[in-house]
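Record features, source TrEMBL:
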- 6-70: domain 'RNase H type-1' (DOMAIN)
């Protein structure tokens, strides 16, 4: 069942950045829709690794921080 979606103009950027934006916007949408528990699936092992590790010195570290913060909200 389709519950919603989002679109964001990123211009020209690294694929990892685009994937991270997709994760962040998806988490925001789930929160806006009132979900208090979600299962996040990504098809990029690089994205999964960067989110799980919380690396601060990687490309997109600001996005990773925001994603990890969203994951800790109750």
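Even glycines carry a Cβ here, placed using N, Cα and C.
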DSSP assigns the residues of the domain 'RNase H type-1' (6-70) as 37 helix, 0 strand, 28 coil
For the domain 'RNase H type-1' (6-70), the averaged pLDDT of the predicted model is 89
